[in-house]
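K.L.:
Heads up, here are the entries from TrEMBL:
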type	residues	note
DOMAIN	B:131-228	domain 'Fibronectin type-III'
DOMAIN	B:229-327	domain 'Fibronectin type-III'
DOMAIN	B:333-430	domain 'Fibronectin type-III'
DOMAIN	B:522-616	domain 'Fibronectin type-III'
REGION	B:718-761	region 'Disordered'
REGION	B:776-826	region 'Disordered'
SIGNAL	B:1-23	signal peptide
TRANSMEM	B:624-644	transmembrane segment
Amino acid sequence: MAGADSPSAALRRRDLCARGIRLVGKMRSDVIDLLDTYMERQGLDASANVAAVEGVPPAAVERWDEQTGTQRLLENLAAYRAFRALLAQMLEEQREQLGEADTALGRALAAVLLQVSAFAYHLEELLRLESRSPPSEEGDGPPPQPRLSLFEQKLRGLGVLRELAQWALRSARDLRQLAKPGPGTGSAPSLAESP
Amino acid sequence: MFSGWNWVAYGFYLLMNVCSLEASGGLVQSCGHIIPESPVLALGSNFTALCILNESCLDFGNIYANQIIWKIKNKVVPKEQYREINRTVSSVTFNDTSSLTTPLTCNILADGQIEQNIYGITVTVGLPPEKPKNLSCIVHQVSKLIYRMICTWDPGRHTFLDTQFRVKYRWPQENFPDCIPKDVNNSCTIPDVHFFVNLEIWVEAANALGKAESDPLVLDPIDIVKPLPPHNLSVSSVLPTVLKLSWVNLISIPVMKLKFNIRYRIVGDTTWMEVPSEDTASPRTSFSVQGLQPYTEYSFSIRCMKEDGVGYWSEWSEEKTGITTEDKPSKGPPMWRIIDASQSQASWTVHLMWKALKPSEANGVILQYELTVRDKSSLSHALEKYNVTSTNLTLQLPNGTYEVTVIAQNRVGASPPSVLLIPASNSKDPVKNLRTLPKYDKLWVGWTPPNSYVLKYVIEWCLVSSSSDCIIEWQIAPGDVQGIDLRGIKPFKCYLITVYPLYADGQGSGQSVKAYLKQDRPSKGPTVQTKKVGKAEAVLTWNHLTVDEQNGFIRNYTILYKTIDGNETVVTVDPSKTEYTLSSLTSDTLYTVRMMASTDNGSRSGPDFTFTTQKFGKGEIEAIVVPVCLAFLLIVLLGVLFCFNKRDLIKKHIWPIVPDPSKSNIAQWSPQVPAKHNISSKDQMYPEGSFTDVSVVEIEADDKKSFSEQDLKPFDLLKKEKSTSEGHSSGIGGSSCMSSPRQSVSDSDEGETTQNTSSTVQYSTVVLNGYRDQTPVQVFSRSESTQPLLDSEERSEDHTGGGDSTPQRQQYFRQNGGQDETSTDRPCFERTKQITHANEGDLVGFVQLQISGQSSQPLGLGMEKNNQEAALSNVLQTNTEGQTVIPETVEENPLIVDEMPKSYLPQTVRQGGYMPQ
């Protein structure tokens, strides 16, 4: 937390938190929109039962409020790196399945992927401000997936998007928590942003 | 011969070498090449090219570098720019590439004769790209989820080369594909942008001469968003003064929190009103606009931008309209009256009129007006109510004081009452100093208020026109103002404006003023004409221009008059006059006059009118004519008196008394009259006054002494008398032709015998007078009536005549007789003339002398070879000079002339009077 002592670092942290919150807010909004599009295009409905996506840490945790900032950032970073890989895989599968015909869905997926990537960058920057170098991406991603059937791919995609929406909500809360002036972080005013 | 063939062969060889003798695989090998090959050069830089000859060509063609000629676009480069590197390489240097044109060719001059091209290159000259400047980007929201970023920049100077621009952008951890502009070099659209991560953007420009990059732009695209305006705007009525707006935002709150601008206006107005921005500075999807007018249709529009104000405002949304609900009228209609008291002394015709409320005052649809008329002059204060839907009401009311109240009603309720007091007379103070002032398209009317407190003012105005009635318009102004603007006033028209002050207990009398919003020069000029024209003055009259023709206040009339060649004189006349007298004019002169009417904004002339001043002034003619007439009358009077006094003389000369032969007394002609030779007086000689005039012919006698002096005495009287009328006697001398000279001669010849013969009547007395002082021989006086005597005379003549003269006379008389037979009434003179003509041809040796009354020239002298006759002629001429003697005929016989007394007395006979046959 040494870096947090300097005013510029505090401002930088504040800015990163604020924009991170808004980014995940927009990401969640886009993911929710994308979920509707995805289910429509993939022939799924809301009743589809999706198991937990492997490689992605669960958004819901116990004793969330007891987590440290770094812990929150690391969990978030791990999750979004996983989402980035999953979404990239989904985009590739979607292109394989639908080709270039459904550009809207592909564009929306690409947009979400970009936002996930951007948010991961935010988290890495925040970790650097926390004097923590972000962990390397080796081994962070989801384990190699066995070859799934098309339907399973669709279901998995649905699960990824749902989990991403959950994580977007949690990430906003984590960042808001990080933005609060804590011990050793100075008296930066809290940002009244809400996703 | 050998040399010529040698050169041809050499040229052919060279051509074959240059144009590639050796062809391998379709490629052509030339005798040399240039380096660099087709360079791209910076404008203004220096440039050196090398032409390298192939060794093979050297061997065959004796071609060396010193024979190289450089050309740019067929223009030889000066030798100074060449440099021979070695026997196969020549260079050319250009200090400034701006002088370079393409192509640059290397040529060889073989043996100084034939120029052949070795190689050529294309030179491209341009500039390296400048650093792009002023890079800016804006993110346009295309749909709810799609945003496009458009970046623009200044590409810098023109490079004359193909220059590629590309926009590069990246996240710190991720690069994005470049944005390459299409068809332009200063903007590019990035189709998909993502927010909340700083994006580094820059522009790279590159061409063959270099590459340049703009300064990077680092920004979060969310801060440069121009969002789409809210859509699905709807308006709903809440209260008479409130409308609620609802809309849908196209940007979700997680992406961007928005603030809004709401504007609105009354439909038909052009001016927008805006809801205070602080009221709409937070995200929302609805807003209630308050403070609106009841029953008014409003149009609304909304826009949005990022809540923190970073970014751009969206466009305004489509307009949506909504109408507020009705409310009761906010005020009573303004009311006024026109009182017509002309029909009856005891009652008025009161035209009540009120204005429809403005929409902002009516607050709904006015269903009817309720009027109450209260007679305040009667004790009972009788009340009359009227419900009308129009805006006027005409009442017949007895003279008195009335209070009229009007209320407007709509669906919601009634307006406050408007009260108008109609007093029996307008006896209160009027306004003072009423004046007007044009203000653009409005006419300001101002006044000084009276001393008393005024409730309000009524301003009446109407357009004054000669072609239509004055239709009164009116307006009510509050009592605390001292002027209002009248709208709808037409320029160049005259308005009559009247202001009435209304008091709590009555009305003031109206004050009027005429005014124009804008003046122009008159549309026509006055037509001037003269009323009266004198010698030096003229009275001009004209009619005033009509109000419609004036176009403004006529400030003056100008009379311009001039003569044809004179200077124009200008006279300014007061506009109230219709007559003017021009003075100091020149008499008998044509004047042109025209008249000009002037307003504040110009003048216009009427038609020209011309008039001529009189030659004489009044009384001048009378002053000349009256004396002339008097003088004429005086002369006439004097003439009459003179004539009266000389009447006898005049009578004698103008109408002498011709004796009436019928009254002649032959006895008086008796030869026994002893007084024949003893005439002592005129009375004795011409008794009874029968002779009024006697012509005396003096004929010279050869023998003067043959006449005694005694004989001549009585003849003197005749001479004297003759001298007074010789003109007349000579004038009628022609009458001598009526008698035969022979007769006279014969008479004189045989005077004694005839005197002694009692049977012979003395016909006349011939006074023979000697020439001048010589004694006349005999005097005869002849009666006018000779008819009975002619026979005897003829006969005596026949007796006495003889010898040679007889046939001549007979001839003469025959002629006479012949003439007389044909024209007995013809005047003597004419007849003689005819005779004269006859004698000219027929008569030989017969002389007839005719002497006209006034002529002294001897006529018809036909005598021949006779000196005596010539002498006689001389005598006659001498006599005629005295204008006393006219001999008619002269006998040819000299004996007769010698023996006979040379005298002849023709009678004085008036023409048409006595005429001997």
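These residue numbers are counts, starting from 1, taken along the chain as shown.
Backbone N, Cα and C define each Cβ position, glycine as well.
TrEMBL entries are annotated by machine, without manual review.
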K.L.:
In the domain 'Fibronectin type-III' (B:131-228), how many residues does DSSP assign to helix, to strand and to coil?
P.N.:
4 helix, 50 strand, 44 coil
K.L.:
Run through the domain 'Fibronectin type-III' (B:522-616) and tell me, per DSSP, how many residues are helix, strand and coil.
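P.N.:
The domain 'Fibronectin type-III' (B:522-616) comes out at 4 helix, 46 strand, 45 coil.
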K.L.:
Would you kindly list the residues that approach the transmembrane segment (B:624-644) from elsewhere in its chain, counting only those six or more residues past its ends and only Cβ-Cβ distances under 8 Å?
P.N.:
650
K.L.:
Summarise the model confidence on the domain 'Fibronectin type-III' (B:333-430) as a single mean pLDDT, whole number.
P.N.:
88
K.L.:
For the domain 'Fibronectin type-III' (B:333-430), jot down how many residues DSSP puts in helix, in strand and in coil.
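P.N.:
Grouping H, G, I as helix and E, B as strand yields 4 helix, 50 strand, 44 coil.
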